Structure formats: structure tokens, C-alpha cells
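Asks: Please read through the structure below; I'll follow up with questions.
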Amino acid sequence: MAFKNALAALVLALPLVNGLRTRRTTCPDGVNTAINAACCKLFPVVEDLKENLFENECGDGAHGALRLVFHDAIGISPTLGGGGADGSIATFNETELTFHANLGIDDVLDALGPLLIKHSDVVSAGDFIQLAGAVSLVQCNGAPRIPFFMGRAPPKAASPPNLVPEPFDSVQSILQRFGELGFSTEETVAVIAGSHSVAGADDVVPNMEGVPFDQTPDIFDTQIFVDVQLRGTISPGNEITQGEVETSVPGTVRLQSDHLLARDSATNCEWQSFVNNQAKMAQVFGQAVLKLSLLGQNQNELIDCSEVIPPAIPFTGGPATLPPGQTMDDIEQACATAAFPSLATQPGPPTTVPQIARLRLHTMKSAILGRFVAIALAATTAVANVIPPASPVTNTTLKTIVPSIRRATVEGVESNVNGAIAGPVDGIAGSVPSPRGLLGSDSGGLFKRLASYIPTTLISRGGNNNNEADNGYLNLALLLSQLEFAFFENGLNRFSAEDFRAAGYADWVRGRYEQIREHERAHVEFLQSAVTTSGRDRVQACDYRFEFDNVRIFVDISEAIATIATSAYVGGLHYFELREYITVLASILAVEARQAAWINGSVRKQNPWNTAFETPLTPNQVLTLLTSFFDFDSMPGQNRGLLPPGVHPYPRLSLAPRLIPGEEAEISFPYSRNDDGERLYAAFLVGFETIFAVIIERDEHAEGSGSENRRRYFVQVPRDLAARGTVFVSVVRGRDNINDVRFDDSTIVAGPAIAMFPFDAFGKPIGEW
């Protein structure tokens, strides 16, 4: 009883709170005013919901938001606990989406999730869900305007299971569930039927979505009370499913719980009392929804921001009627104390109610995306004091992380090359010999055409920084994820479990690769949604070239791709202005790093990490590496304009198939000297350390009259690269003094290529020198 009385006291306090506030404050936007200045920040959120989620109509988006209000708030019990209207269904959706009663809520979170993340620095998850629900109602003709209170704390845990009533529950069970939360029978009937008045079913009728519950799903009216009271004769699908009974109106679906509420002696007269009593329906429904929004909350600790809710749309519909071809004889009278109101029949032949159009901005269905939304939300609400906000990158902020730059001495620069190299070989160069001979010249172009560059300082990465261009960097991340997913999908389609076994790998290896493929699928779906829900276009997948003839080469390339992806996220996070993007992308970064560690450690039996710091890649570096697998000039035409401004690939650098520390190796790249005093240097980058080495140029005499000499380039690989793991190699231009060499956009000539110098568990190089 104390639980119910406390709730009643909160609701009754509403008129008093409103009555005490008279002064208004002009909001920072100069347009809106508010009684409480704290509410000003909600006006942009409301506009975003109206324009970009609900599209200013009582459609699929509004219906889903209202459903989410109920499914989140009802998760509380005087005996079992739960936080009520606290947003746990979003933050802990990995748990709550497994509840049978929440079937289909993943679609709702898909739609609301991007906006929830966008505004998570303004409102908590619980506030956002209740705000969206209140705004959704005023999109519907005849629906009441519900007060809104702000200030819900982040949820502490998921709701206990089995608290959301199911369509197949008995009337007694439903009344008991609502009753223990302080709802009367009248309020229970009103909130259930009223919600279904502007709703549709996505997961009741097999292979059908947006099936309305009554004839007027875009109008909040009493037609639901008539349509459900009619004798059921129609099944909208091929069979009746659990929680469904036959309906009376073509194109609609009837829930068993609605059917029973209209006929059970405990509720039938309450049900009937709402027929053509629009004022009562709006009043009791509004009262019940307000109670829902305050479940688990102390109203005295919340801020009344009801003024941000737009005005309700006055009811302009007519009285409830019987469908064409039906009469009062089709009504199944249930209330024993009053006759069912007399109704007119709609003229004309019977018609089918059309399905509710799906929300145009959010067509993707993915429970995985919803989980990403929850991860971002939990991080930004529960640990906001731990993660510092994003700030523009400046030279001042980077003074503490200036990388080490060393200049390598050149030993024996005039020595001859041991053995002829038949020409530049594109690929990843490895310390030799490597396990299974995977990195030798017999690899068939192993890691073919991987090239990019990495600057020597984090400061140089500020050149492309544009904090207003989050979508450009999201599209670059999407371009990377599209390639990753395509690679793993292609490889798994090409190589069977038997192929993996024949290559010497256990069955669990292919199983893990299947999991990695699904990781990348989820990354693609999240990034696509993040871009499109902001109203921007997204990049399209390219025509990829994946050159692997056997499972072993597939495994090796997979390690390079996972390593590149890890470094791409390490170097790219600081470009984002919206900190919620940083949180989610950091989550992706962690997954990419785990993948790279597993592939190189467990599968390739080499080092699972490199040095104490991962090498960061800039957008230019990332794009250069990605174009190793597709033609930049031939990618879908719109892609180039959707990437960050100024981002472009660099000329390709090819390494000899073997790089041995302390020995000379040939490299090749396109180059035309414009200045006789210009010298070329190789830059070896690992973590935050850069080692420069002089490039030796030699002219090779070409046989035959009129033939021009061919210039070849060599570099002595620094000895201390042994056992350093992944190293990126670039070519830069400078002058005679190696100490004056800079590494920035103006000095880049080509690269990098990616080289690997593996080491064992004791830090010793793998291979012989």
C-alpha cells in the first residue's frame, strides 16, 4: 500500500508544481523560452525527434516510441525490484531484448538509437525514452499531451524478467501486474487499448509488419474498442499464432489480451465505457502514461519540463463506426449492466486496412546495432567522468606524446645485392625464414599492393582535422569495414572446413573466422546507420581484388587487414567531435586489436602484439592501404565526395619479398626528381618511433641501342627492427643532412608498405639472420 500511495502522491503533486512557476527564461537559441532554464537544452532534441524520427506524422516511428515507453517503464516490481522508467531497456538491451515480451523492440532501438546516442550528453536514457514517447503522442490526432519530467539517473541494472505482460496472459494476470504498480482497472484498460489505437504489430503475423490493431492506426480514437468487440472471423496470416485470435476487420490483427479485456467480466464494462467517449479515453490514458513515466522515480527530484512538449493535435475524427457490411449483430455484447452503444455502419463494400508504412530513415533490422547503441549509451552515461570529452587537436595538447625520431647509420652502402631480384615485388615483407614459408617470395604476391604512409608525429595528423566533418570520418571507417566484411565473407565462401583442415588448421580456426566476419557485418551496419540517420549519404562498397589462392595466404592477409584496421582506429579517433562516436569506435578498435592478436598469436604462431604502442594511421594512410584492394579512381562515383575533405591515397611503395635487419633490400616506387639536391630516405615506423635511413640509388645499364638506364633503389634495413613486429615503411624526400628530414604531407614520396619482424615468447626474432 505504501508503494501505491507514494506513487499517487507524486502524480497529485503535478498541478502544484506547475502553479508555482511563473517567470520565463529566454533560451540560448533566442527562439524558445522556458520556466526552468535547464529545460532549454531539450528543445533541439524535441525538434530532432519530430523532424528526423517521427517525420511529423503519427506513423511507425511514433508508434515505436510509445511502445518503448511501456516496455521500459513496466520493468519494476515491489518484490522483484527493477528501475522502472530508467532506460534500462536501452542500456542493458543485451539482457532485456532476450525477454520474449520484448520481441520487436530491437527494431525500435534501431530507429531511436542513433538519436539517443546523439543527445546522450543532454538527457539520460530514461529521460530520452520518456521524452520521445511524450513527443510521439502529440503527432497523433486526438492523443493527449503528457507532462514530461527530466532528471532520471542512469540505470543500474537490467529489469528482472517476466514483468512485461504478454498478449497471451490472462486478464487476472494483467490486472495483478498493473495493480501492484498502482494502476486501476480503468487505467489498465485505457493504457493498453489506447496504445493499440495508434500502433501496429511487427512480430505477430508471420512475414507481415506494421499490421494495424484497428481501422485508424494514425488517429488516437475509440475505434479500437469497437473493432475488438466485433465477432472475429478472419486470420490475417495463414494461421493463428500464440497471443493472436481471429479479427473482424480485413487487414488488422487482434491480440488475445485485447480480446479478453473486452469480454472478461472484470473488465468488459470498463472496455465498453470508452466507446465514443473520446474525452474519457484521452484523460484516463494520459493519466496512466504519466504514471508509467514516473515508475521508479521520485518526482520531487525531477525537473518539470512539460513546456517543451508541443501542443496536442485536437481531435478531428468522427465517432467510432462499424466496418462496411457489418451490423450491431456482429458485436459480441459482454457487459452485463449496460448495452453496447448503437453505431452506424460505414458505407460501401468491405475494404482492407493497409499496413503501416515502415519508417523511411531506419529500414535496417539488426539486434546487433541496438546492442552497439546500448554500449555507447552505457559508456557515456555511466562513466562520463572517466572518459574526457573530445577536444580539438592542438600542438599544445600533443607536446607530451611526441614520438621518438632516430637517424640510422648506413653500413656498407656500396655493397652488392646478394642475388638478383627479378623486379619489384608488391607485398608484405617479413623477417625470414618465417613459419611455413609464408612470407617468402613463393607466396604468390602475398599481401599484394599494401601501401600507405605514416607520419612521424601526431602533430602532423592535425592537418586533415575537421571537427565539423564527423560524417566524413564515419564514411572512411565504413569504407574500411565494408572491405573487411567483404574479405572475410569472400574467404569463408571460397574455403570450406575441409580446406582449412587440409591446410593444417583445426576446425575452431574457421569457426573463429566466422565470428570475425559477423563482427565486421555488425560494424558495417552500425556505421551505415550512424551516417544515414544523420541525413547524410554513405559510401558504397567497392569492387575488391582479393588475391589468395589458398587458406594460408588468406590467413596471412587477414592478419595484415586486422592490423591495419587497428592502427586506423588508433589514429582516427581524435578527428571526431562527438564523443559518443569516439566511445563506439573505441569499442570497435578493441575488437579489431583482439582479432589481430588472435590471428597472429593463435593461428600464425607468432607475436600477438608489437611494441608497447600501436602505430597510428592517418586518414590518408588508411585510404592508401585500402586502395591496395580496389582501384581508387574506379570506386563508386559518390564515394570520393563523402570522404573527409583532402583525403587521398599516396603512390604505392613495393618492398622486396624479404627484409632482413642489417641487410640491404630493394624497394620500388614511382618517382621523378625535380631538384638535383634532393635526397630520398626510408622511414620505418613502429609505435611512436620513427627510424630514418638513406636510400641508395643505382642506375642499371639497359642493353640494346637506345635503351635508357633503369634506376633502382635500395635501403639497409636497420638492425634494431628485429623482433619489433609490424613496421610501416615509407619514402620521404629531404636534403643531405638526415637530421633535417621531416615527415609530413609535403615530403611524402610513396608508401608505406607493411613489413613484419616476428618474435617468439622470449622476445627473440623468429628466423635466422
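Backbone N, Cα and C atoms are what each Cβ position is placed from, and that goes for glycine too.
Checked TrEMBL, it gives:
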- H71: active site, proton acceptor (ACT_SITE)
- D72, G84, D86, S88: Ca(2+) 1 binding site (BINDING)
- S197, D214, T216, D221: Ca(2+) 2 binding site (BINDING)
- C27-C40: disulfide bond (DISULFID)
- C39-C305: disulfide bond (DISULFID)
- C58-C140: disulfide bond (DISULFID)
- C269-C335: disulfide bond (DISULFID)
- 105-339: domain 'Plant heme peroxidase family profile' (DOMAIN)
- 1-19: signal peptide (SIGNAL)
Asks: Just checking: which of C27, C40, D86, S88, C140 have a Cα that is within 10 Å of the Cα of C305 (disulfide bond), counting only these recorded positions?
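Replies: Hits: C40.
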Asks: Around the Ca(2+) 2 site formed by S197, D214, T216, D221, which additional residues qualify by having Cβ within 8 Å of the site's Cβ center?
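Replies: So the extra residues in range turn out to be V198, Q215, P217, I219, F220, T222, Q223, I224, D227, A320.
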Asks: Among the binding-site residues listed here (S88, D214, D221), which has the Cα closest to the Cα of C140 (disulfide bond)?
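Replies: Among S88, D214, D221, D221.
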Asks: To what whole number does the mean pLDDT across the domain 'Plant heme peroxidase family profile' (105-339) round?
Replies: 94
Asks: Which of the recorded positions C27, C39, D86, C335 has its Cα nearest to the Cα of D214 (Ca(2+) 2 binding site)?
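Replies: That would be C335, nearest by Cα distance.
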Asks: Looking at the disulfide-bonded residues C40, C140, C305, which one has the fewest other Cβ atoms within 10 Å of its own Cβ?
Replies: C40
Asks: Counting only residues 6+ away in sequence within the same chain, which have a CB under 8 Å from the CB of D221 (Ca(2+) 2 binding site)?
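Replies: Correct list: N141, G142, S197, Q278, M281, F315, G317, A320.
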Asks: Got a sec? Which of these binding-site residues, D72, D214, has the most Cβ atoms within 10 Å?
Replies: D72
Asks: Fill in the CA-CA distance, C269 (disulfide bond) to T216 (Ca(2+) 2 binding site), as an integer in Å.
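Replies: Given the Cα positions, C269 (disulfide bond) is 23 Å from T216 (Ca(2+) 2 binding site).
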Asks: Among the disulfide-bonded residues C269, C335, whose Cβ has the fewest other Cβ atoms within 10 Å?
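Replies: Fewest other Cβ atoms within 10 Å, among the disulfide-bonded residues C269, C335, is found for C269.
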Asks: In terms of Cα spacing, which of the recorded positions C58, D72, D86, C335 are within 10 angstroms of C27 (disulfide bond)?
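Replies: Within 10 Å of C27 (disulfide bond): none of them.
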Asks: If you count other Cβ atoms within 10 Å of each one's Cβ, which of the disulfide-bonded residues C27, C39 has the most?
Replies: C39
Asks: Take the Cβ of C58 (disulfide bond) and count every other Cβ within 10 Å, whichever protein chain it belongs to.
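Replies: Its Cβ has 25 other Cβ atoms within 10 Å.
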Asks: Restricting the comparison to the recorded positions D72, G84, D86, T216, C335, which residue's C-alpha is spatially nearest the C-alpha of C58 (disulfide bond)?
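Replies: Going through D72, G84, D86, T216, C335 one by one, the closest to C58 (disulfide bond) is T216.
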Asks: Taking the center of the Cβ atoms of D72, G84, D86, S88 at the recorded Ca(2+) 1 site, which other residues in this chain have a Cβ no more than 8 Å from that point?
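Replies: Other same-chain residues with Cβ inside the cutoff are A73, G75, I76, G82, G83, A85, G87, I89, G126, I129, P155, S159, L295, G296.
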Asks: Between T216 (Ca(2+) 2 binding site) and H71 (active site, proton acceptor), find the distance joining the two CA atoms and give it rounded to the nearest Å.
Replies: 23
Asks: C39 (disulfide bond): which of the binding-site residues G84, D86, S88 is the nearest Cα neighbour?
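Replies: The smallest Cα gap between C39 (disulfide bond) and any of the binding-site residues is with D86.
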Asks: Could you tally the C-beta atoms, other than its own, that fall within 10 angstroms of the C-beta of S88 (Ca(2+) 1 binding site)?
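Replies: By my count, 27.
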